[in-house]
Amino acid sequence: MSSSDTWSTPSNDALVLSLVSPSPTGVKPLGHSFHPKFTYSIFGESEEIFGYQNLQINLRYNATDMRPHLSVAYSKKFPAVGDTEATDINGTLRDYLPEVAFQKKSDFETAITNLREDWTPPGELATTLRTSDSTFEVWKGNLADPAVKQIVRRLQILVPLFIEGGSAIPMDEPEDDRWTVFFLYQKKASASDPSRASYVFAGYCTAYRFFHFRPPTPPLSPSDRSLDDLTLGGNFDLALLPCRTRISQFIIIPPFQQKGLGPRLYNFIFNQYRKHPATVELTVEDPNEAFDDLRDIVDLHSLRQMPEFQALRINTDITIPKTGPAPRNIVDRAAWEAVRARAKIAPRQFARVLEMHLMSRLPAPVRPGISLAEEDGEGAEKKAPLPRATREQQHEYRLWRLLAKKRLYKHNKDALGELDIEERIPRLEETVSSVEFDYARLLIKAEEQEKNLGLDRPVIGNGKRKAGAGEDGEESVSKKARVDDA
């Protein structure tokens, strides 16, 4: 009974989160409770809590204003022996929850019962998203609004719980207005009064605006500008300066995952900033693999709505030299950069999505893809063999691989530089094959999500030829995760 194993509880299992709403008898749960994905940043790498038996940590949120309440229950607590004592759960969680979370249960229930019936999320209504059975609204505000800041403070613990490596954003900086927050809420009409509605929190996204200063091109001479032009004075609005906007946190909580809400929320945010005159580029802070998929697919759909993007082609008139550097302008670089700048996508992300799109346009005999028959097993339908590739088709495919290879070499230059010359080419070839497989997988997924995104233009082509995936199926080292969605 005194062994350490008996007194240890997995923290991911012990912590239970739920949404609740007031009821005549106190509070009632809304939907199913859920557990965190990660607790190592709170309770240590082992994700174990020592000192309790039958431990349960309940973190309840009022479904509207996300007011939290923490309660801890257990059957036995380890009696301290010297320096060995039970984990101080409340003390540990005080670094992640506002003080209001530690109030008495009765105070929590009184507070959420007294919340006004016409409550709406803070900020302004930005858009409405409809699914087959629900209505969701996106509300937009910034941290300069005390009501927005209050909810974000209450939500900060969700970041380490659901985003691997995620951390809270600074809440007390003088330039709070640089932080834009998008709240996603499910809107439910009242059964007794159709004119009224209640809100249930479903997720949120934060984005930060970095000022992007660039010298004039060409530089202006002193005679071309007056002293007044060089002075930022009076009522000049700093929000009008060019900026890069970076998505920092993106969470759809588990009860609302697998409904296509993540892609639709990202798509809305992306289009918001594309229309924002001051934003030069929209980036994402250290995305994890799940968000990379979401982002690639939505960006592909979005770019395919642009005729200029559709017009980008592989220049098959280019001759591939037997030795020397790879040819330039496999795709017209001037047109490439013009489309990228208009789309406001970061260079590497744009290059990846363009490669994926151009791969989908390769002739069927050379187009990399995933064999559905191989993936599904013996019962899968067998497809007719593809015709033999012509010399022209093989040439186009080799140009596509060179295009991808040039980007990957630049991206992994330091790692490849540590290898012997004889090893670099095979390793780069493996990486390109891995990227082919990943693009084929994403193109299939893009077709599946097309209806969820509400876009009309079809995703074109994915072949049935199995592509080699390399050792780990990645194009570089693994990334830190800052974003979570399913």
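Glycine is no exception: its Cβ is also placed from the backbone N, Cα and C atoms.
Because TrEMBL annotations are produced automatically, they should be read as predictions rather than curated entries.
TrEMBL lists region 'Disordered' for one of the ranges 103-134, 455-486, namely 455-486.
The two recorded residues ILE251 (acetyl-CoA binding site) and GLU285 (active site, proton donor/acceptor) have their Cα atoms spaced 13 Å from each other. For the acetyl-CoA site listed in the record, the two most distant Cα atoms among PHE250, ILE251, ILE252, ASN288 lie 14 Å apart. Across the structure, TRP179 (site 'Interaction with histone H4 N-terminus') and GLU285 (active site, proton donor/acceptor) place their CA atoms 14 angstrom apart.
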